[in-house]
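Asks: Following this message is one structure expressed as structure tokens.
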Amino acid sequence: MRRVGDQIAEPVLLHRKATLAGARKRTGELLEHVGLPAARASAYPHELSGGQRQRVMIAMALACDPRLIIADEPTTALDVMIQAQILRLLEQLVADQDVGLIMISHDLAVLAGTCDRLAVMYAGRVVEEDRRPGSTRPPATRTRGPCRRRSPHRRPGVPLRPRGLPGDPLTRRHCRRAARSIHGARWR
């Protein structure tokens with residue numbers, strides 16, 4: 001097991017060709033930048049809380065001054081207070097360092113309050129999109145039919161038979177989600 005400071009320093013050593021002393025200095029700066037004391041560099045990951053580990057991951061992402069950060073589920077398994085802190089930190093980094101941010105999440109409420117542009121993907125394609133800056137609501141689908149009103153709850157008289165995606169032909173041409181929707185059973 002490696003200490004978090006070593007994990008943060010690794011990309012600095014490899015990609016920036018820094019000396020060991022320079023990498024350690026940069027590690028301390030990065031930890032302080034994400035709200036952790038530089039002394040935490042000597043900690044092992046299991047000694048940190050979930051929010052602290054997420055901050056270490058953000059420090060690792062910033063190690064080589066990227067122009068774009070891709071954050072995949074940055075708030076998963078964190079309580080609401082820590083989620084808010086991590087989201088504020090990401091927003092601050094985007095504003096202060098002129099860094100682009102792509103956030104991937106299943107939690108639309110988190111994304112809607114954070115992002116300038118929101119896209120919903122299904123089966124590898126964007127099916128809903130909201131381009132309005134500062135929007136606080138999830139995007140609206142163009143179609144207002146059964147795909148828009150889908151529900152994960154079983155309804156009387158409608159068999160619940162989710163089907164796999166690979167090789168599964170769509171029976172409703174206007175809705176990519178018909179094959180997995182509980183309403184899709186009526187159209188098969």
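Counting begins at 1 with the first residue displayed.
Backbone N, Cα and C define each Cβ position, glycine as well.
Pulled from TrEMBL, these are the listed features:
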| type | residues | note |
| --- | --- | --- |
| DOMAIN | 23-76 | domain 'ABC transporter' |
| REGION | 129-188 | region 'Disordered' |
| COMPBIAS | 135-144 | compositional bias 'Low complexity' |
| COMPBIAS | 145-156 | compositional bias 'Basic residues' |
| COMPBIAS | 157-169 | compositional bias 'Low complexity' |
| COMPBIAS | 172-188 | compositional bias 'Basic residues' |
Asks: Check the domain 'ABC transporter' (23-76) for me and report the mean pLDDT.
Replies: 94
Asks: Determine how many residues of the domain 'ABC transporter' (23-76) DSSP places in helix, in strand and in coil.
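Replies: Final tally across the stretch: 32 helix, 5 strand, 17 coil.
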